[in-house]
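Enquirer: To start, I am sharing the structure in question, which I have written as structure tokens.
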Amino acid sequence: MSIEELQKKLKENGYKITSQRKAILEVLIDYQDHFISAEKLFNKVKIKNSKVNLSTIYRNLDILNSLDFVHKITINDDYSLFSLVSLDEHHHHIICKCCGKTEVIPFCPFDDLKAFAEEKGFDLTQHKIELYGYCKDCKHKNKL
């Protein structure tokens, strides 16, 4: 997703494009294929806009998450990571509970779950699948 597309969608939803918000979007685009913590995002945005503070980062991430512009994952109920949603392809993630490393699942195992939901009378409108475990580096380093 380009900066122009994001800005247009934000305006359509009633949000102004401030210099801080633009800097946040630019960094998220730079990290489009990765998850980033709010703190790391803050440090990167601060280079572009020294007036930004951490609460601005969290507020904007909440807005972007509510608009489904970012994907949020929570590691061990402890901290969250964010990634810009790609409109190009639907995908899911495997996430390391120790270091937060993520891998994209290149297929969607949704069909069986959808059939089950329909059998129970649900009409599904969206889904998100996150698998949690330990990457090989963390397993080796921590002898898991």
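Using N, Cα and C of the backbone, Cβ positions are placed for all residues, glycine too.
Pasting the feature list from TrEMBL:
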BINDING   His90, His127  Fe cation binding site
BINDING   Cys96, Cys99, Cys135, Cys138  Zn(2+) binding site
Enquirer: Provide, as an integer number of angstrom, the distance between the C-alpha atoms of His127 (Fe cation binding site) and Cys96 (Zn(2+) binding site).
Expert: 21
Enquirer: Indicate the candidate from Cys99, Cys138 with the smallest number of other Cβ atoms within 10 Å of its Cβ, considering only these binding-site residues.
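Expert: Relative to the other binding-site residues in Cys99, Cys138, Cys99 has the fewest Cβ atoms within 10 Å.
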Enquirer: What other residues of this chain sit with their CB within 8 A of the center of the CB atoms of Cys96, Cys99, Cys135, Cys138, the recorded Zn(2+) site?
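Expert: Output for this site, in sequence order: Lys97, Cys98, Gly100, Lys101, Tyr134, Lys136, Asp137, Lys139.
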Enquirer: Look up Cys96 (Zn(2+) binding site) in the DSSP assignment and reduce it to helix, strand or coil.
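Expert: Where Cys96 (Zn(2+) binding site) sits, the three-state DSSP reduction gives strand.
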Enquirer: Looking only at Cβ atoms, how many others are within 10 Å of the one on His127 (Fe cation binding site)?
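Expert: Step by step: centre on the Cβ of His127 (Fe cation binding site), count other Cβ atoms within 10 Å, giving 12.
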